[in-house]
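Per TrEMBL, active site, nucleophile is recorded for A:52. Here TrEMBL flags A:110 as substrate binding site. Taken from TrEMBL, the feature domain 'Pseudouridine synthase I TruA alpha/beta' covers A:7-103, A:145-244.
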C-alpha cells in the first residue's frame, strides 16, 4: 500500500467541519468520496486534526493508503477535477508508510482575520469576524505576547473536551493591521478545543478595553475559562500550516 | 422630497447584476425593497451605472428621493438591519436635489483581482480570476501603461452596446503583486461595456506571452475587438469608487 499525503485548502462555510458525521456535509467525507471516484477504493482519510463548522483551511494535511497506480503528483489534479469548488488539493505526494497526519505533526499555525469597521463587509462576511467597536491594537499586541511560551491553557479551552493535559506551547504569535483588516498568527505545538478562538476573543476584549492586557498572565494562572474573553466566531479562523 | 446618496458594498455572486429585471435577483431591486421596508415608499433607486452578474462593488453609489423623516445618517443602519448579508450600506447622506448618481459622476475606479497559482483557491473562487499559467508581471505593467490617456477604446468594448462615442480617458492604471495575488487598479472618466474586463484579459494574454506588450497601441488603433485579448471573468471585478 502506498501512503499519500495531501495538502488541502477549503472554504469551510458550507461544511459541518472536517470530521465525518452522519447526514452532514463534511470535508473529510467529501474528499473520501472524491478519492473513491478516482481509485474505486473505500479509504479512510486521516486529517491532522478536526476543524469546526465554518472554519477554513489554507494548509490542512491529510493522508490515506491506496493501491492506485496514479502517480502521486497526479493525484492532486485527478482529485481537483472531481472535488467541489470550495475544496482544493494543493499538493499530493507519496510519503513513508509510517507518516501519520495527526501523530507525526509537531506543530500548527493558525491565522485569524478580524474585520474592524463600523459597517459589516459583504465580501468578507464568511471569512472574518466583524468587530464594529474601535480596537486598541497596541494593547492587543501587548496582550498577545503573554501567550508565547509553555503554559497551562485550561482557561482557553471550551468545555466538552475530555483532555487532561492542558499544557501547550505557543512558539510564535503576532498580529498585522492593514487598514480595517487585522490578521493574527499563532503557531504552537498543539491546541486545545477552541483555544485560538478564545485567545482571539480575549484579545478583542482587550482591544475594546473590557480586559486589561496585563491581566493575561493572571487569566492563564486562574485555569478558569470564565476569566478569559469570549469565543470568537469560527468563520475568521484558518488552519494555515501543519508542521512535521 | 429629500435626495439621499448611498455608498454600497456588495458581493455580486448571488445576483444577476445591479439593474432590476423581471424574475431575477438584482442589487437594485433588493435595496429598493429594503427602502420600502423602512419608509413604505415605492422609490426608484438610481445607480452610478450597472454592474454585471457576479461583479462586486466596494463603493457603488446610488441615490433616491424620499419623504421619510429618518435622519440621513440613520438610514444606513435602518437599511442594513433589513438587507441580506451580501449587501451593505457604507454611508447614507442627504445631498442637493440635483445630485444624480449617474449624470453627476465624473469618474470611477475599478479593481480587478487575479489569483495566479497552478491550483485554484477555494477561498477566493468567487472573488478572483484564477490564472494557472505563469505570468510575466513586468510585461503586464508595460502593457498597462499604454492604456493611460484619452483613446478610442472601441477594441475594448463587447458587442451589444449601442454607444457611438467610444472615446474614453484613463487617468490612472497600475498593478500590485503580493505573492499569488495580482491587483489591477484602473481609474477613468467613463468605461465602455466590459472595457475593464477586456483590458485585464489583454493584460493576462500579455503575461502569458500570447500578445506582446508593445502591440497595445496598435490594438487600440485598430478599433477591432478581435485584436484585443479575451474578456476576463466578472467575479474578479470590483467597482471600487465613484468620483463626483
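Just so it is clear, glycine is given a Cβ too, placed from its N, Cα and C backbone atoms.
Please treat TrEMBL annotations as automatic predictions, because they have not gone through curation.
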The domain 'Pseudouridine synthase I TruA alpha/beta' (A:145-244): DSSP-derived helix, strand, coil residue counts:
34 helix, 31 strand, 35 coil
May I have the DSSP-based helix, strand and coil counts for the residues of the domain 'Pseudouridine synthase I TruA alpha/beta' (A:7-103)?
27 helix, 26 strand, 44 coil
Sorry to bug you, but what's the C-alpha spacing from residue A:110 (substrate binding site) to residue A:52 (active site, nucleophile), rounded to the closest Å?
13
Please work out the mean pLDDT for the residues of the domain 'Pseudouridine synthase I TruA alpha/beta' (A:7-103).
97
